[in-house]
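As recorded in TrEMBL:
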COILED    23-52  coiled coil
BINDING   D208, S209, D267, I268, A269, T270, Q271  GTP binding site
Amino acid sequence: MMDPGDDDPFAIFLRHPKDESNAERVAREIREAEAKKRSEDIDQEIVEEKERLMRAEEFQTRVALLGGSESGKFEMIKNLRMHHGREEWNAELAKWRCVIQLKLVKSVIIILDALEAEGRGERLTAIEELRQLVLLRLAPLRRVEQNLRRVINASAEEITPAALDAQWQKEREDATMVIAMCREDIKSVWMGEKVQLLLTEGKIHFEDSAKFLFEGVDRITSRDYTPSDEDVAHVRLRPVVQECRIKFQRSFDSTGGVSETEWRIYDIATQRMSKNAWIPYFEGLLAIMFFVDISGFNKPSLDGSRLTRLEDSFMLWRTICGSQLLQETGLILFLTNCHLLQQKLELGIQVKDYVPSYGDRPNDVGRVVECQLSIAVIVVTLTLQRLQTSKTTSKL
């Protein structure tokens, strides 16, 4: 009679050898017991890790920030990190300084290569000889490029700031010194007629940030250079969502103890085309901070539509308010850049020329802000009413 397990490959694999000796059986049972113990240990580690994550989430606050690149959202994150995570913020600025220096040096080397290629086989005039001398003085930048690449690669390997400083401080200082010494030659080459002609003819191809970096070359090549928000915005490749973690400490008056809460802040790009990518970050949010550049009433939308940036922001605000996923999430609206709005209005720019619905209201900051706040509140009120009606209808 056939054994029921004869057709089961797994049973065949686990079947004990028929001619197994006592010593072999004991050795096999020991191996099986060890394997079972390893499996149980792994299961226990998984359980403990889940419990640890659940306990950690009890002390975590999840907040999302939405807004355009000039809406003040980046400044909010920067100020929080400067006050509650200064060491990490300084380490990040040091990293961005190297990145920006590297991008400037790479752009200079692109120019050097283009000029050398153009000059091959040509008879040198007095001007060409002078240019060759400048190129020779800029040659050390090729070594600087290699050194900066090493520093940046090291910072990307999760090395602690202390270890990074100890190992790469001299490399960064040397690179900064050489770049500072080359400042005038960099400016001379960039503003030279030959380079501008090559740019016009399309014989030099830069990254998008190169022109911005050359225009700020006096700042960027200084020895005490610290990247600005605008500098970082020009050189970084922004994903749809960036996450940062900030720890807040609070002391108890009665006991003198300290409690710590971690905020997980999601900086979300606000292009409407990418909103499906936001959904995983909306689950469990305490609040959404929504930033609107109120001075953007006369700026075109970044997505190429006919809307202004202000109109585009309020369309997104309406979408957020109407999301079923966010019914239990707090919404905080920031109207920013009021000082820029005031400057535009003082120049005589009329809001009604760009926002027809503004009508004949006074063209002053207070009334513009009041009008936009009223629109935001109306959107929230009507959306809540519609959601409540939808709930009632579905129950019927």
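Going from the start of the chain as shown, residues are counted 1 onward.
Including glycine, each Cβ sits where the backbone N, Cα and C put it.
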| List, in sequence order, the same-chain residues at least six positions removed whose CB sits under 8 Å from that of D267 (GTP binding site)? | L65, K73, F74, I77, V241, Q242, E243, C244
| said: Just to be sure I understand the packing, how many Cβ atoms besides its own are within 10 Å of the Cβ of S209 (GTP binding site)? | reply: 17
| request: For the coiled coil (23-52), provide the mean pLDDT of the predicted model. | output: 85
| Other CB atoms within 10 A, centred on I268 (GTP binding site) | 23
